[in-house]
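Database features (Swiss-Prot):
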ACT_SITE  Cys81  active site, nucleophile
ACT_SITE  His170  active site
ACT_SITE  Glu172  active site
BINDING   Ser224, Gly225, Gly226, Val227, Asp228, Ser229, Thr230  ATP binding site
DOMAIN    6-195  domain 'Glutamine amidotransferase type-1'
DOMAIN    196-392  domain 'GMPS ATP-PPase'
REGION    432-505  region 'Insert'
Amino acid sequence: MVIHKKIAVVDFGGQYAHLIASRIRRLGAYTEILSNEEPISNYQKYSGIILSGGPESVYEPNSPTVTTRIFDLGIPILGICYGHQLIMKLLGGVVERSGTGEYGPASLQLHGTNGNSILKNFVGGEQVWMNHADEVVKLPEGFSKIAFSKDCGYAVVANSSKKIFGIQFHAEVSHSEKGSVLLDNFIQICGVSKTWGIDQFLKEKIKEIQETVKQEQKIFMLVSGGVDSTVSYLLLCKALGAERVLGFLIDTGFMRKDEVVSLQKKLTFQNIHLTVRDESSLFYKSLKDKSDPEEKRKIVGNLFLEARDRAVKDLDLEYGDWLLGQGTIYPDTIESGGTKHSHTIKTHHNRVEAIQKLIEQGKVIEPIRDLYKDEVRDLGVLLGLESEWVGRHPFPGPGLVVRMLAVEKKGTDKDQLEIDSYLSTQDGLSGKILPIASVGVKGDRRSYANCVVLNDIETDWNTLDRVATHLSNRFSFINRVVLLPFESDLKKWNFQFTGMQLDKKCSDLLREADFTVESVIRKLGLYNKIWQMPVVLLPIGEKENEKSIVLRPVESQEAMTANFFRMERSVLQEIKIEVLKIPEIRYLFFDLTNKPPGTIEWE
């Protein structure tokens, strides 16, 4: 399908480039991703250009840039975060390191009466999502300030005559109130007609699969039972016919309680017939004494390939005629450093070196790799899956192994004193640094830092959100904040690192806790109100062999940003009572961290 009116998104390697494209598509305009090194003739083909965010600083040597000739094309241009700063620098403005940085929610304030078409239907006070360590301190000639935030003097700027705009916040994420309104305003400025929808993606993707996969080739599809792999499997079956796609499920020993049997029943109902292999002993053996999150993910990814190879041999399949199918979605690739300028936040199990080599050899097919979770769900419904099915909580491909933390990381006395000093101004709140670390993301870069636990004086959620956001923004050694529900005095508790083995005993413990939590939220009718709720096992207790559980309920749409779910106290209390009935569980924590700075999963 030839589309003459479209918007280019120039990728500078941030987490958000493809998300921008996705959001524009959902607003009914077609988008394509371009590199920042395209010839000027390529940029000239578009009705509008968006310069994405990125993990670099525009003043760093060799940081990615773009030709200044794009500003002479007469095409509307929107810069977002890094893209905004790059426009300012290239046209004569000044960008410097910010004094504090800005991560998470901020309030957008309009500047005087400088109304502008890019902010049509904005009234001021809208929440926007920030994720930056640099800021613009001087505008180029011809630009004016349109809006600002508490910590950002130039949150929105414009050169109205040239239709060039810059915004410091991320309008493309769901947590920016009216973000879609701003993007739709830009679409209107570009004069782009509504030419895109998920139904068109389906038609184009089926055609692409049929043209890409040779007639003699078949697909070996790794199905976890999650939404992504299931939708991928159905899409491949629709494009190629079910006889050319083999669904294969590996029981790793790190699946949820009764998952394999449940999945077989549910997928059979959808006419999906799986071959199941129990490889739990191999996974337990290979992960013994392992703790580093990157190493764990890479081991899991390689074990999946080993299991696949054995299955190919045992099933007497012609290896050369088979492609590996994966349910990879875009956040998996971008968090694994999947674009030229991106930083690795975490290596996903389907992006380990062995699989990367297969991808380079053309032996992997990933039919939904450019989609986000919300789009995958829409596609699933279009393919005939029930809404209840596609609405299930996301579950990581490696399973519970990424929800079992094993790395000890003690905070320093100096760090604790800094935390104490800040919290002393917060009306009775106190905190302790837990001796563990988790993966997070700050300014599009991976962070691996400590977690702080706060006491509970039944402070309202908004105040806890503010304090948690401030802690993770202000202190570089913190990227996650949790609450110890219904416990006002932390001094009486001794949070010791007790160690963790990725074995059947610990996975059974987490399986039981996970099942307990899900049972409560389903009983109370909350399951569909929470986007995802990882239940995490921590090696924290007072005695040897004791562990702790973290509740991580979040609200999100696309997994690129998220905020913690404000749970009713009565619900939290019921969950705590039920979970602490499990003998080995000593503490129950509640995660107060937004994304950024913390990833949804702890590893």
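Backbone N, Cα and C define each Cβ position, glycine as well.
Because the structure is a prediction, the values reported are computed rather than measured.
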Whole-number mean of pLDDT values that fall within the region 'Insert' (432-505)
90
Give the sequence-ordered set of same-chain residues, not counting Ser224, Gly225, Gly226, Val227, Asp228, Ser229, Thr230, with Cβ within 8 Å of the centre of the Cβ atoms defining the ATP site.
Val223, Val231, Ser232, Gly327, Phe395
CA pair Gly225 (ATP binding site) / Glu172 (active site), Å rounded to integer, equals 29
Densest Cβ environment (other Cβ within 10 Å) across the binding-site residues Ser224, Ser229, Thr230 belongs to Thr230
Spatially speaking, which of the active-site residues Cys81, His170, Glu172 is closest to Gly226 (ATP binding site)? Use C-alpha to C-alpha, please.
Glu172
Identify, in sequence order, the residues in the chain of Asp228 (ATP binding site) that are 6 or more apart from it along the sequence and have a CB within less than 8 Å of its CB; answer 'none' if there are none.
Gly327, Thr328, Ile329, Ile368, Lys373, Val376, Pro394
For Thr230 (ATP binding site): DSSP state (helix, strand, coil):
helix
DSSP composition of the region 'Insert' (432-505), residue counts helix/strand/coil, works out to 19 helix, 29 strand, 26 coil
Taking the Cβ of His170 (active site) as reference, which residues of that chain separated by at least 6 in sequence fall under 8 Å from it?
Tyr16, Gly53, Ile80, Cys81, Val128, Trp129, Met130, Asn131, Ser176, Gly179, Thr561
Mind checking which of Cys81, Val227 has the fewest other CB atoms within 10 A of its CB? They're the recorded positions.
Val227
Cβ contacts of Glu172 (active site) (under 8 Å, same chain, 6 or more positions away)
Tyr16, Leu19, Ile20, Ser22, Arg23, Ile80, Gly179, Leu183
The number of other Cβ atoms within 10 Å of the Cβ of Gly225 (ATP binding site), counted over all protein chains shown, is 21
